[in-house]
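K.L.:
The structure follows.
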Amino acid sequence: MSFTSHMDTALAEARAAALRGEVPVGAVVVSPGGEVIARAGNRTRELNDPTAHAEILAIRAACAALGSERLTGHDLYVSLEPCPMCAAAISFARIRRLYYGAADPKSGGTAHGARVFAHPQCHHVPEVYDGIGAAEAERLLKAFFDQKR
Ligand SMILES: [Zn+2]
């Protein structure tokens, strides 16, 4: 089976989030068969919900679609390094592979900060592939925060 990246879809969700005035981060859940089953962008402002990160919304939608609390064998694409909250949710959901774009030294929780997947309490560790579509993800974030200043 050939590899198809779904990062373009995650970046499209990030762009849509920026247009809503949200931090531009997008996430996509892909089934073991390669089908997109959920896609989301940040909605923390719209929903008045600090947990409404793209990854959380995509995982919730995917679990609802499957009628399961776990996404065993599923992959998650996200345009930015997940924060510790999302990294924990990714682990709880049993995500198989995590593909992310830009590194996030300030708020990331996988390669930076809490490094959730490296913690002994982390019972499920996905395979992690970073830097996918990173340049575009960084450009969107920079444009968003430049405009805020
Ligand atoms: Zn997060």
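Positions of Cβ are set from backbone N, Cα and C atoms, glycine also.
Keep in mind that TrEMBL annotations are predicted by a computer and have not been checked by a curator.
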K.L.:
In TrEMBL, CYS83, CYS86 are given as binding Zn(2+), so which of HIS53, HIS112, HIS119 is in that site too?
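P.N.:
Record check against TrEMBL: Zn(2+) site with CYS83, CYS86, extra candidate from HIS53, HIS112, HIS119 is HIS53.
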K.L.:
Roughly how many Å separate the Cα of CYS83 (Zn(2+) binding site) from that of GLU55 (active site, proton donor), to the nearest whole number?
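P.N.:
Distance (Cα to Cα, whole Å): 10 Å.
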K.L.:
So for CYS86 (Zn(2+) binding site), how many other CB atoms are inside 10 Å of its CB?
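P.N.:
Cβ-Cβ neighbours of CYS86 (Zn(2+) binding site) within 10 Å number 28.
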K.L.:
Could you tell me the C-alpha distance between CYS86 (Zn(2+) binding site) and GLU55 (active site, proton donor) in angstrom, no decimals?
P.N.:
6
K.L.:
Inside 10 Å of the Cβ of GLU55 (active site, proton donor), count up the other Cβ atoms and send me the figure.
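P.N.:
Total other Cβ atoms inside 10 Å, all chains included: 30.
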K.L.:
If you take the centroid of the Cβ atoms of HIS53, CYS83, CYS86, the listed Zn(2+) site, which other residues of that chain have their Cβ within 8 Å of it?
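P.N.:
Filtered neighbour residues, in order: ALA54, GLU55, ILE56, PRO82, PRO84, MET85, ALA87, ALA89, GLY109.
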